[in-house]
Amino acid sequence: MHASSLSISSKAEPEALTSRTRLGAATIKMEGTGSFGAGRAGGAFDPVAFIKQPQTVLRILSWIFSIVVFGSIVNEGYVNSHSNILHCVFNQNDNACNYGITIGVAAFFASMFFFLLDIYFPQISSVKDRKRAVLAELGFTGFCTFLWFVGFCFLANQWQRTSSDELPLNQGADAARAAIAFSFFSIVSWAGLTVKALQRYRLGTDMSLFTTENIEGIPNVEPYPGYPTGSGMETADTYQSPPFTESLDSGPKGFQVPTY
């Protein structure tokens, strides 16, 4: 009887441990504590600490650089040399000016969007939603870094081909140089944002309790091994039949109850 109760208790303990592990993981999943570089959902927002974050600084710099690029081209990127028609200052190639304006405006709005997302990100309680947000940022920042690299090479190449005859009185030269310089700075800032997003993604995946895969597929805990045979405390599996199943009134065969 004692060995049977020990066996049942040893099997119940790992099952209870697994249940507690699943319950704790589900609670963490709901609260989103410390996942992907952010704290517990619903915590107080600290604007000073938020501004001091490297990611926020890079976001603001990228926003300023984009303003300089498309602002310089829009204001002084078109000149009229020997005619009344405005031409792009970059070798009279309108595609160069259009590319610079397009990427600058796109980066301007993207910086604002992700800046607001950074503020709202700690309030996201779902780990899946946080993972989607980080992956979206990682993909976009990497793609934007590539676009800025192409833009820098394109503008620099067209500026080298621009002759002084096409720019009377050196019109638009400062704007062209500013657009090229801040296009290069944008490569650095957006590359830094890509690295920060990659770090946040790796931080989230390294925490096994915060990932959906591990929450849904927690490995089963192996039951405790039974007592070895001969130790006097065999488990219930070694019994051929459960004890105390026969009637207490039944006696051995051939035995007759004496009569008095």
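Each residue, glycine too, has its Cβ placed from N, Cα and C.
All annotation found in TrEMBL is predicted automatically rather than curated by experts.
Here TrEMBL flags 50-202 as domain 'MARVEL'. On the 0 to 100 pLDDT scale, the model's mean across the domain 'MARVEL' (50-202) is 91.
Within the chain carrying the transmembrane segment (60-79), a Cβ under 8 angstroms from the stretch's Cβ atoms is held by residues 86-90, 97, 100-101, 103-105, 107-108, 111-112, 115, 166-168, 171-172, 174-176, 178-179, 182-183, 185-186, 189-190, 193, all 6 or more beyond its ends. Residues or ranges marked as transmembrane segment by TrEMBL: 60-79 (among others).
Here the transmembrane segment (99-121) has Cβ contacts under 8 Å with residues 38, 45, 50, 55-56, 59-60, 62-63, 65-67, 69-71, 73-74, 77, 130, 133, 137, 140, 144, 147-148, 151, 154-155, 179, 183, 186, 190, 193 of the same chain, all six or more residues outside its ends. The annotation transmembrane segment is assigned in TrEMBL to 99-121 (among others).
The feature transmembrane segment is assigned by TrEMBL to 133-159 (among others).
TrEMBL lists 179-198 (among others) with the feature transmembrane segment.
The region 'Disordered' annotation in TrEMBL covers 229-260.
Here TrEMBL flags 237-248 as compositional bias 'Polar residues'.
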